[in-house]
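According to TrEMBL, the protein carries these features:
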| type | residues | note |
| --- | --- | --- |
| DOMAIN | B:233-347 | domain 'ABC3 transporter permease C-terminal' |
| DOMAIN | B:704-811 | domain 'ABC3 transporter permease C-terminal' |
| REGION | B:1-32 | region 'Disordered' |
| TRANSMEM | B:54-75 | transmembrane segment |
| TRANSMEM | B:225-249 | transmembrane segment |
| TRANSMEM | B:281-303 | transmembrane segment |
| TRANSMEM | B:323-344 | transmembrane segment |
| TRANSMEM | B:365-382 | transmembrane segment |
| TRANSMEM | B:394-418 | transmembrane segment |
| TRANSMEM | B:446-467 | transmembrane segment |
| TRANSMEM | B:696-717 | transmembrane segment |
| TRANSMEM | B:744-769 | transmembrane segment |
| TRANSMEM | B:781-803 | transmembrane segment |
Amino acid sequence: MTPAGSLLSAHGLRKAYGPTTALDGAEFSIHPGEVVAVMGPSGSGKSTLLHCLAGIVRPDAGEISYNGQELTGMTDTALSALRRSEFGFVFQFGQLVPELTCVENVALPLRLNGARRKDAERTALTWLERLEVDDVRGKRPGEVSGGQGQRVAVARALATSPRVVFADEPTGALDSLNGERVMELLTDAARSANAAVVLVTHETRVAAYSDREIVVRDGRSRDMERAV
Amino acid sequence: MSMTPTRSGPSADPARQAAPASPDRPAGPTGARAWARDLAMGLRFAVGGGREGWIRTILTAVGVGLGVALLLGAASVPELMHHRDARSTARTPLGEMSGEKVERSDSTVLIVNAGTDFRDSEISGRVVRADGGHPVLPPGLDALPGPGELVVSPALRELMDSSDGKLLKERFSQYRLTGTIGDAGLMRPNELFYYLGSDTLTKSDGAYRTGAFGYKVTEDPLDPLLVVLVVLICVVLLTPVLIFIGTAVRFGGERRDQRLAALRLVGADRRAVRRIAAGEALCGALLGLVAGAGFFLAARQLLGVVDIWQVNAFPSDMVPLPGLAALILLAVPVSSVLVTLVSLRAVAIEPLGVVRSASPRGRRLWWRLLLPVTGLLILLGQDRIGSSATSDDVHVYTIAVGATLALVGLATLLPWLVEAAVRRLRGGPVPWQLATRRLQMNSGTAARAVSGITVAVAGAVALQMLFASMHDDFNTTTDQDPHRAQLSVYSPKGSGPLAQRMIDDFRATKGVEGVIGTVSAYVVKPGKLGKGDDIRPTTELSVGTCATLRELAHVGRCEDGDTFIVHADDQEQNAWVDRTARPGKRIDLNYDSWGDSTTKGHGAHAPWTLPKSTRVVQARPDPVGDRYNGILATPGAVDVDRMADAQTRAMVQIDPGVTDAEEYVRNTAARMDPLVRVNTIRMIERDKQYASIQRGLQAGAMATMTLIAASMLVSMLEQLRERKRLLAALTAFGTRRTSMAWSVLWQTAIPVALGLALAVAGGLALGAVMCRMVNKSVTDWLVFLPLTAAGAALVALVTLLSLPPLWRMMRPDGLRTE
Amino acid sequence: MSIGHTLLGLLESGPRHGYDLKRAFDEKFGHDKPLHYGQVYSTMSRLLKNGLVEVDGIEAGEGPERKRYAITEAGITDVQRWLATPEKPEPYLQSTLYTKVVLALLTHRDAADILDTQRSEHLRMMRILTDRKRKGDLADQLICDHALFHLEADLRWLELTSARLGRLAKEVLPA
């Protein structure tokens, strides 16, 4: 059952890690250009929901439909290819390759998609400029501040022009000012590209950048728009 | 070892900057007490650090243990040689080499060396005959075997009893097996040796009389060149072991640094942290010593049972020299602590983490070049060593120092080379980029691991080049023609009937196609010696059938009763033959009955006239490659019984289609007489020792490479574990597994390739210099190829073994926030 | 804060006398401002009139009249509606929100629902503020930030409260 016009939707997701149940019948749907915040207390299954939606983790049961394709039936190779070309990712930390310079980090997903190094780095540079961090292009992640690093990560997530960006606590390691700037840049860029953003966060001020929110509690999701 | 910091603070010395913030507490314990406290704490961390701490400690202990076991093995070599020498001395009969005359008595023994080959095994033995009732005994025997009795070593008995050894058992079937040689009478546990009793043995069989065992063969002083080689081999094989121990002590270093940072946070000062790290390293090293002793004892027992690279020894003979053992026991823990302290000097452990610099200071080249260049210059400065050089002419120690400097210098040159080479690498596909960038950030760890390979391979290349240049000295082309005959049989006893029996028996043997047999003796020109002759004209007379003679010379038409004078290429020799072999003139068949200018003849004359019709013919190389020079006669021309001191020789052609045809021939020969020698005719005679040194060298280099592969694997796994989250993130955005696998491969392959390139270049240079030193020209520039292949295999192995953990790390579990 | 809804909520766990109601209210919500009995009386009269409570019985005795009140079905529905309706996001909501959470726990309702509903309502306001901030000048930004931080603080307090009370409830209330 796919809600009309949705880009990515999930129905009846279940996932358990050993004895712990992370998802217990979760639902989700998002439209192109929409920013949806996934909220809920720690350990409620927010991140697992994101991982399932992104095809990183296979759910034990349930359906995930992206653009008319059923994700749960796809091979690992196909899922990887999908993630490379259609999805973008921003995590809280530990995602930039420490040996590569910032511009090389941003170019990495493009190159994984088969782009030539020069072209990939040119595109990467324009994204660094958009996220106002082109001055650190030649530096390594260890040499830049947390805020700059996270902007580089956002640039990397957007560089492949993904249709869905998955952001898991993207501002978790940042102060308010940097966090807000990162959210502004992320949501602006995504909206202008008509990309959907799945934003996992526990901060309401961050969630306020979304169009609507769903709450995950004890593995079950609740769409607050339809609940009210 | 190079210790240029690979990581350092963002400024000149962050540790110093932080110093005011963490002053030593004046109230805390100082000096020895602080040391004791912190070392103890380190020991506790090493064993009580949970599963991870244990794994790290065990890895270090196993690594150090392997190194220690090898060192203990090396330290046992002198004692091993000494014991072997003693064993050899104990069973060598007096009189064999000393040449003194032994009077026959109640305790004397007639003895002669015998032996046989069985497939690839060489079996030695002795035929003995007691002169009286109380014969002296060689070690390992309770009683001398009586006539027809056989006493064998346990390994020989085992071989004879095995299903493979049926033919061998048959060879000895005419004797009664009455006992086993004890360990005291053997050189090594797996030696194939026997004593055979006889009641017909006489001095004419080549036997001699002895009154005691235990003759020390005075050996030639070791060839100085060989001393240089031995020193080099030690350097080549032991330096990597030392480097490996140094690497093993650092296993898990980055984790440890993080743990130490946590300790700084709760108030440990910089010095305390270093002492704690020293304590941890000490624990690993001490456990490593225990493990090493265990490995050594186990390997020693193993060597007593099996042949490893043809090394086999009694466990009780493998005893490390006490001095060397003490040195190992002391040096390993001390150096482990030193290595730890030195490696910590390059890292600033601050309360909030380990400070790493983004742009490490470049390595300097000049002092790294100093060592190998000095080494090569020392070697170039040496005089060339001719074949007649004595140990006085050769500055063994100078050469050893020069070669050692050159080899160890390569190890110091490598980190610079890796850094310099990697710095220039740009672009390339993603896996290549990931690998090169990783190496650009921190090439020290990789370079350190690979430096062991560099030394081992460079040394092996140099030594093999040297060996290859001496190839001709060790390998001789024999001129033998294995197509015409495959076995040559020789018996010192000769008579016509024996030769005939030999020929008949061999013909009847399974797998034999043809036999060429002759009876030969020296014959002389009788009468007064000519003017100016010191030596009486002598030549050889061989008797055989026309078929046999055709194999030896181009005799042309031949029937029984014919005789021939055979000329070879050498005119001088032909002239010498012609002085005795004069058709129609007298010849004496008993060589001994006429004396020379200085000696008197004894025994009866046996005159014989060389028929007038004797033709001169040209020699033809026989299957063994010899060209006969002398007189050939058919049995009808001369009565072989009149030929004194004759020898019997036969060449046997076997059917290559019959398996073990050679063994059947040997069995036939053994039935005739245990003293008959059977040799295989080969195109090339290869020096066995040369072969074993070459094999040992390659095996050693491979073993070193395996050791290095183990340490590379450990550091690779450590690095993967540290990057778990990053790997999971890379998986999330769709990185292919193969991309990551390639990057792991490149990351190993680049330093190994650079190390091997340096090793090959350095080894070739060193080899060329050493060849020049021993006055040989380089004959084989390609000796490094098998070692390079081994290097590639090593890279593949490390990558392959890294893959399962890599796949595991790439699972998305790593993304889960705790 | 609605005293009527609060008293209704207190009645949900069983019929009570007017005086008991006052005591229960004071104990749970009236920390620094106890309820006048007159207030209870007038409120109960209104609720009676609206059919949200009924008189369960009258006990004769000394002192004031002792009527026992019980909640009606309509009353329960009214409490439910009140609890499910988010408060308009504005500063200093805590007493109302607190009352709602406690009542939810007392009546075995899910406090998390109140939280989620309220957060959703707050988010609606915060989105407007965030949007105004993104488009506005510095003064706008500062004013909006102030409001945003306050709203966020309320939510966080509410989250913490529901978590703490939830734990407390497990200890106090019979399962």
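Even glycines carry a Cβ here, placed using N, Cα and C.
Ranked by the number of CB pairs under 8 Å to the transmembrane segment (B:446-467), the listed stretches B:54-75, B:281-303, B:323-344, B:394-418, B:744-769 are led by B:744-769.
Per-residue pLDDT, averaged across the domain 'ABC3 transporter permease C-terminal' (B:704-811), gives 83. Of the ranges B:54-75, B:323-344, B:365-382, the one with the most Cβ pairs under 8 Å to the transmembrane segment (B:394-418) is B:365-382. Between the transmembrane segment (B:54-75) and the transmembrane segment (B:365-382), the number of CB pairs under 8 angstroms, six or more residues apart, is fewer than three, so the stretches are not in contact. Long-range Cβ contacts of the transmembrane segment (B:365-382) within its own chain (Cβ-Cβ under 8 Å, at least 6 residues beyond either end) map to 2, 395, 398-399, 401-410, 412-413, 415-416, 420, 762, 765-766, 769-770, 772-773. Under DSSP, the residues of the domain 'ABC3 transporter permease C-terminal' (B:704-811) split into helix, strand and coil as follows: 90 helix, 0 strand, 18 coil. Per DSSP, the secondary structure of the domain 'ABC3 transporter permease C-terminal' (B:233-347) breaks down as 93 helix, 2 strand, 20 coil.
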